[in-house]
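Colleague: Please see the structure below; I have some questions.
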């Protein structure tokens, strides 16, 4: 005689799964929005606060090589803030020259990247759809190689018996090798080469979003191609130009590897000064003060870019 088994009943979800599903239903949107803020706090705000704390300390022969800001002794809390690290930056002209040269090199390099990157982005945007992805790949492909290896490759190209000088001697353009390596010119070449893709991609994105009926209307109304370019196309791609300029200018200010390997003793950029203070002099408080001032200088273009983005969003809806 067969026995009838009771129908299998579905088990209620476990306590943790039930709690997780309820949390997702109630606060899922807030959690998704909170993730980037947590990322920014952990990787940007927290390191900034640590560097700022070190900048207010004093140098010490210890590990780590700085004093603590707060000490508890004899039942009392003593707080020691040292502003002398920031005052030292104003006393020594080396730091001012390093800031000034870093801003100058970054600005000129950004302008050169724009002159090279805009035609490249234009060529990619107006190429056939079948070849567009290949051209984009060629723009991005060098970035897949180690940055250090690419800079070392430029050392081989620019040195006195390198590829460039040998080629110019073979053509008969020059009679003796040109001194390019370990000069400011080599620094400009290295930075422009390294950061051109960061200029090309935002401009390319802006170019493919243009409504070219506006360009045709300008030409139909009698505007010449050059005037149409500067009065119609350039304003429509202004967002891409500004975004690309920020992507080039901001990292170029603090560049260390390129000035160290391609530059000479006159290439005094803030990245080299930071390395000197941190690792050679082991003066972490002064190095932290140098880094804080550099970050404050970079906040100005970042805020300007943010203001422009908000203005663009307001104009377009």
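Heads up, the Cβ atoms here are built off N, Cα and C, so glycines get one too.
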Colleague: Report, based on Swiss-Prot, whether residue 126 and residue 284 occupy the same side of the membrane.
Modeller: no
Colleague: Pick from 74-93, 134-153, 154-173: which range has transmembrane segment per Swiss-Prot?
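Modeller: Here Swiss-Prot associates transmembrane segment with the stretch 134-153.
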Colleague: Kindly point out the range from 105-124, 205-224 that Swiss-Prot annotates with transmembrane segment.
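Modeller: The range carrying the transmembrane segment annotation in Swiss-Prot is 105-124.
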Colleague: Would you mind listing the long-range same-chain contacts of the transmembrane segment (285-304), meaning Cβ under 8 Å and 6+ residues beyond its ends?
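Modeller: For the transmembrane segment (285-304), the far contacts come to 48, 51-52, 54-59, 66, 82, 85-86, 88-89, 95, 99, 102-103, 246, 249-250, 253-254, 270, 273-274, 277-278.
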Colleague: In the same chain, which residue numbers or ranges, 6 or more beyond the ends of the transmembrane segment (105-124), come under 8 angstroms Cβ to Cβ?
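Modeller: Distant Cβ neighbours of the transmembrane segment (105-124) are 132, 135-136, 139, 184, 187-188, 191-192, 195-196, 198-201, 203-204, 207, 240-241, 244-245, 248-250, 252-253, 255, 259, 269.
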Colleague: Which sequence-distant residues neighbour the topological domain 'Periplasmic' (154-184)? Criterion: at least 6 residues beyond either end, Cβ under 8 Å.
Modeller: 105, 190, 193, 261-264, 266-267
Colleague: Within the same chain, where does the topological domain 'Cytoplasmic' (125-133) have neighbours whose Cβ lies under 8 angstroms from its own Cβ atoms, ignoring anything closer than 6 residues to its ends? I mean 6 or more beyond.
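Modeller: Distant Cβ neighbours of the topological domain 'Cytoplasmic' (125-133) are 204, 207-208.
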